[in-house]
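A.B. asks: According to TrEMBL, the protein has these features:
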| type | residues | note |
| --- | --- | --- |
| ACT_SITE | 1048 | active site, proton acceptor |
| BINDING | 45, 46, 47, 48, 49, 50, 51, 52, 148, 192, 210 | FAD binding site |
| BINDING | 553, 584, 698, 866 | Mo-molybdopterin binding site |
| BINDING | 700 | substrate binding site |
| DOMAIN | 17-202 | domain 'FAD-binding PCMH-type' |
């Protein structure tokens, strides 16, 4: 990089940074900037780079020259006048927010209507980090169709002040500018200097509206700016402006509708006419970008209704008579859900007062890497510095869902500078995966994202450029199966049906009072680990040895896969895992594929290979949670007692088997949840589709399947006119020692305790009455409440997975190095293992250290999954420490007053081994599917969660008011970490059930690739009050110190938010006399909620479609 300086005054110097492809110029004066813009008219101005940067990365936009106006003071100037406010285009959105807030505090309310509307959106636009960087000018000039500010600025009559070498001029920020018409656009040599926003006047009203998938960091589905001026002292419309975002290729102004409404009184007749006109003018075609057409059209009129009410309310402040009255039931429609912080109480059992202060077990010890995570000092796989002669690998994947590969032309790619090779299946010296799951496609591709080959180049940029030059010719094959319904239609399944049955279901159906049948749909879920898939393979100089640094939950599986791929012994391959930036099941199987392909490249080229997937490729190539379609038939008595339940489930497994058969088995085994129903039939099939193979995910089928069971309970309660919680506990929950559907005995005592504690701690019954009272008084806002029980089975259903090993070294200075077979995924397993070693060796945790997980120190490990990582590895660490203490026993007895260091020195002198391998041979799990019985799980985790929400029936938005969780932890190893796991899994489950939505095209292309389109919960989505209690249990599972694994169990409790939302929706539908049942569909997105709250506006939209 070259830095070139010009000019005499240092602060005014123009700085030029020259790179290989791009020149970055940072002028010090406005004059210099205008000269540069005249010289390079196509060069964009970059301030926060929040819009141009992502476009350059994801859309391939390239600009050889970039201009940075960051040091131009004139672009950050603010001017206050008697008639308006001028804000510099270089001000960040965070600064704009502060400027507007200050002006609102200085002026009378009637003059700040536009400012307050802008402030409303600035509180939720993107996130705080984006607002700190993004500039006002960049936001406006980008003219994104989803812009939150442009519709308000347009209706508020804002003016853009432009400047160039030729001088200054002003243009209105109106619909013509936002549409990009050349006659009112910036000239190439012009820049936006500032924005003028006039004050509002008396009898002028401005409002802003937006609805997005979640409150923050989400583009609006629809947003709007609305302004009306009434003739003084009357309700007659003098001027009206309405602009919408998200409903077209640019911000859309409803000019025709507004013109026709001028002169009309602001009343109910005007409202009806306005809705009709807006639906005609703002007409989204069925193929509109982003879809959600009916929902968006409903928001168009719902927003105007809110505006109508807001103006009426403002008019009442001006004159207390003459204007139409607003029903008290409608007032809640005027209130938006504020973004508030979360607070709560965490309860856990204190350690025994006689426990040594040095003994950390049971104490809330902070995650040992927690501060490093927070400060960015924690080292992950891709933080390893570049090694000598390292090359970068980029994967080439299929663009077709189902096709035959006719040819692959690599010639152009290989001719590019820096490109070393292209790795194909022909380069694999061993096996190309399995018959079912190929590492690289050979003759046929089965999904979009199927790996075909991989480019190896000197840099990442060179490798990515080369992938675009590889020409693949396909011949499309039929059928292309995308959905579960497609698979059922084509009888496309990955494995035989799994089935459990008890009692006589058909006979029981004949003896019940009522029968209800229904369907449940549960969408898939992306793992969205913070660290994407990545691997660094370093070949050694001899014997085909490899060091592999990989982000995985199962390094032994990576090791075995690389061994078979390269046809070399496992003992030549060492996998290293320092820490993993989140896994959730997504790093159990898939990392082996990337490790093996990178290893082939390393062996062929003789160079170290680094393979790092970006977020979009990670989401494209790797599968996630299995989507589910379930059908149920439930027979019950009028008192709510269920006598028969028949559930048939289908999961979308994708194009390869992967873990789909196991997920189906676990789903069926766990379907009964907390309920004793005498006559049951559970069936499950894994569908084969042309999507990337779905895989393990936290909860492993339980979060999807049990939603069906709980939906059955809710449906039964509705038909019987009973509260769901009464049907759950009093009529159907396990009460005494019993056996599950698969004949495994258990005691539900702790389950009942969790339920009752949750009822008590949440003040459920009194709050339920308050919810009902609220709903009676409010038409457009509804509250909902739900309490959900849980019986979660922990562990693998295979005996071989219940084992672990550890290696403990004591060094001559007394320090101890602990190694075990578990992997640190952020869940705190290393912290817990050091707590175990500290107790067993009776030394402080500060004397202990864990370096990494390595297949060279602990071989043949099992995956860190199924919530048993601490259970099995803790016992192995304990065993190793006990072996060492046994060796030290004679020395300690001889010198009981000695220090730890004295004992270790003496042991070394006496040639006593200070290294020990610990081993744990765990639970003997088995399941006989032919007989439908077994003991597949070592123990259960019980819990209950109560959630309360408030739903805006006009927009589909919801607010999480409060959540109370009671979780059975038995004897927690570390309450701080365990509560963190419960909270984290609950929030991830809440995302599954409310906001996280995977969208595919009919051709199998994933649309929702990345955080712009796929919405995981943010801090703003955490319940306002969030309480977690760990319940000490009298039951003692066969685990380390009778602790329990809580990593997955909280996931399903997130459904308490889902059922609270459906409770609120049901209340809205009852009030509107919409009696027909509605299909339970997860996630309960704002779109689903809004359309389920059927009302006059949804009816307008549906009727419009019927007639037009």
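Even glycines carry a Cβ here, placed using N, Cα and C.
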A.B. asks: Taking the mean position of the Cβ atoms of 553, 584, 698, 866 as the Mo-molybdopterin site, which residues outside that list, in the same chain, have a Cβ no more than 8 Å away, listed in sequence order?
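C.D. replies: Going along the sequence, the neighbours appear as 583, 585, 586, 588, 696, 697, 700, 825, 864, 865, 1047, 1048.
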A.B. asks: Report the nearest neighbour of residue 210 (FAD binding site) in space among the binding-site residues 553, 584, 700, comparing Cα positions.
C.D. replies: 584
A.B. asks: Which binding-site residues (47, 698, 700) fall within 10 Å of the residue listed as 'active site, proton acceptor' by Cα distance?
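C.D. replies: The binding-site residues passing the 10 Å Cα test are 698, 700.
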A.B. asks: According to DSSP, does residue 698 (Mo-molybdopterin binding site) fall in a helix, a strand, or coil?
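C.D. replies: For residue 698 (Mo-molybdopterin binding site) - judged by DSSP and reduced to three states - the answer is coil.
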A.B. asks: What is the biggest Cα to Cα gap, in Å, among 553, 584, 698, 866, the residues listed as binding Mo-molybdopterin?
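C.D. replies: It comes out at 12 Å between the most distant Cα atoms.
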A.B. asks: Out of the binding-site residues 553, 584, 698, 700, 866, give me the one sitting nearest to residue 51 (FAD binding site) by CA distance.
C.D. replies: 584
A.B. asks: Within 10 Å of the Cβ of residue 700 (substrate binding site), how many other Cβ atoms can be counted across all chains shown?
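C.D. replies: For residue 700 (substrate binding site), the 10 Å Cβ neighbour count is 26.
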A.B. asks: Does anything in the same chain, at least 6 positions from residue 45 (FAD binding site), have a Cβ under 8 Å from its Cβ, and if so what?
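C.D. replies: Set apart from residue 45 (FAD binding site) by at least 6 residues yet with Cβ under 8 Å, we have 37, 67, 68, 69, 137, 138, 191.
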A.B. asks: Consider each pair of residues in 45, 46, 47, 48, 49, 50, 51, 52, 148, 192, 210, all listed by the record as binding FAD, and report the largest Cα separation in Å as a whole number.
C.D. replies: 28
A.B. asks: Using the alpha carbons only, what distance in Å do you get between residue 47 (FAD binding site) and residue 700 (substrate binding site) once rounded?
C.D. replies: 45
A.B. asks: Given residue 553 (Mo-molybdopterin binding site) and residue 700 (substrate binding site), what distance in Å do their CA atoms have, once rounded to a whole number?
C.D. replies: 15
A.B. asks: Just how many other Cβ atoms lie inside 10 Å of the Cβ on residue 584 (Mo-molybdopterin binding site)?
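C.D. replies: A 10 Å sphere around the Cβ of residue 584 (Mo-molybdopterin binding site) contains 28 other Cβ atoms.
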A.B. asks: DSSP secondary structure for residue 45 (FAD binding site), reduced to helix/strand/coil, please.
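C.D. replies: Note: residue 45 (FAD binding site) is in a strand by DSSP.
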A.B. asks: Could you give the Cα-Cα distance between residue 584 (Mo-molybdopterin binding site) and residue 700 (substrate binding site), in whole Å?
C.D. replies: 10
A.B. asks: List which of the binding-site residues 49, 148, 700 have their Cα within 10 Å of the Cα of residue 866 (Mo-molybdopterin binding site), in sequence order.
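C.D. replies: Final answer, ordered: 700.
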A.B. asks: The domain 'FAD-binding PCMH-type' (17-202): mean pLDDT?
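C.D. replies: The answer is 94, the mean pLDDT of the model over that range.
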A.B. asks: Name the residue among the recorded positions 49, 148, 1048 whose Cβ has the smallest number of other Cβ atoms within 10 Å.
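C.D. replies: Looking at the recorded positions 49, 148, 1048, the Cβ with the fewest others within 10 Å is that of 49.
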A.B. asks: As a test of the contact definition, list every same-chain residue at least 6 positions from residue 698 (Mo-molybdopterin binding site) whose Cβ is closer than 8 Å to its Cβ.
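C.D. replies: When sequence neighbours closer than 6 are ignored, residue 698 (Mo-molybdopterin binding site) has 584, 585, 985, 988, 1047, 1048, 1051 within Cβ distance under 8 Å.
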A.B. asks: For the binding-site residues 47, 51, 553, work out the Cβ neighbour count at 10 Å and name the residue with the minimum.
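C.D. replies: Per-residue Cβ counts within 10 Å for the binding-site residues 47, 51, 553 bottom out at 51.
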